[in-house]
């Protein structure tokens with residue numbers, strides 16, 4: 001029997017996906033199989049629980065949604081790989097800090113496959129290349145189970161990041177995989193990063209699914 005279901009969902013609207021995550025987490029029990037949801041979102045700013053309104057400088061035509069994850073404001077859009085981690089931390093005897101570290105290290109290993117030297121920072125969660133942020137993290141834990149997750153910039157229009165202070169840091173530089181790896185695609189990065197996450201989180205029986 002699978003101990004992890006990996007869903008490739010394509011492009012999904014943010015609100016419906018967030019509601020689905022909350023519902024999944026509220027209704028799961030100790031026998032529920034963990035899931036990873038891999039997708040892209042249409043253009044949207046999301047403001048985390050620690051977010052301040054002044055960090056949203058000029059949203060313009062992009063909607064802003066107040067959400068229940070940790071962290072501050074970030075941007076999602078086509079060409080960015082989003083992976084939501086619906087993990088029973090109690091079952092895995094995993095603390096939140098250990099989960100964050102496992103995610104960051106999986107991203108670092110994934111990028112290294114393409115010759116990109118990346119690293120986390122102790123003062124600002126996420127993964128960075130030469131000081132520029134390439135991946136953001138924001139999690140919520142409820143009843144010992146995680147939801148929300150990571151966003152890796154792959155091959156996207158980066159302009160909307162200039163409309164905010166990403167993660168609450170004024171002037172933070174952002175970058176993406178395609179800056180360093182020609183031809184980078186969300187599909188390829190999804191395949192590589194899921195493999196590293198599975199290894200880092202210790203799942204052994206993985207079931208791949210297309211769609212819900």
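Yeah, the Cβs are placed from backbone N, Cα and C, and that goes for glycine too.
Taken straight from Swiss-Prot:
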ACT_SITE  167  active site, acyl-thioester intermediate
BINDING   69, 70, 71, 72, 73, 74, 75, 76, 136, 137, 138, 149, 150, 151  substrate binding site
DOMAIN    30-205  domain 'BPL/LPL catalytic'
SITE      133  site 'Lowers pKa of active site Cys'
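Sequence features annotated in Swiss-Prot and their locations in the structure.
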{"residue": "69", "record": "substrate binding site", "contacts (Cβ under 8 Å, 6+ apart)": "46, 48, 49, 138, 139, 140, 148"}
{"residue": "71", "record": "substrate binding site", "contacts (Cβ under 8 Å, 6+ apart)": "48, 49, 50, 51, 125, 136, 137, 138, 167, 168"}
{"residue": "73", "record": "substrate binding site", "contacts (Cβ under 8 Å, 6+ apart)": "45, 46, 47, 48, 51, 55, 56, 64, 164, 165, 166, 167, 168"}
{"residue": "75", "record": "substrate binding site", "contacts (Cβ under 8 Å, 6+ apart)": "43, 44, 45, 62, 160, 161, 163, 164, 166"}
{"residue": "133", "record": "site 'Lowers pKa of active site Cys'", "contacts (Cβ under 8 Å, 6+ apart)": "124, 126, 127, 166, 167, 172, 173, 174, 175"}
{"residue": "150", "record": "substrate binding site", "contacts (Cβ under 8 Å, 6+ apart)": "82, 83, 85, 103, 107, 135, 136, 137"}
Just checking a number: largest C-alpha distance across 69, 70, 71, 72, 73, 74, 75, 76, 136, 137, 138, 149, 150, 151 for the substrate site, rounded to a whole Å.
16
Let me spell it out: for each of the recorded positions (136, 138, 167), count the other Cβ atoms within 10 Å of that residue's Cβ, using every protein chain shown. Which one has the most?
136
Structural state of residue 138 (substrate binding site), classified by DSSP into three states:
strand
Averaged pLDDT score, the domain 'BPL/LPL catalytic' (30-205):
95
DSSP three-state assignment for residue 71 (substrate binding site):
coil
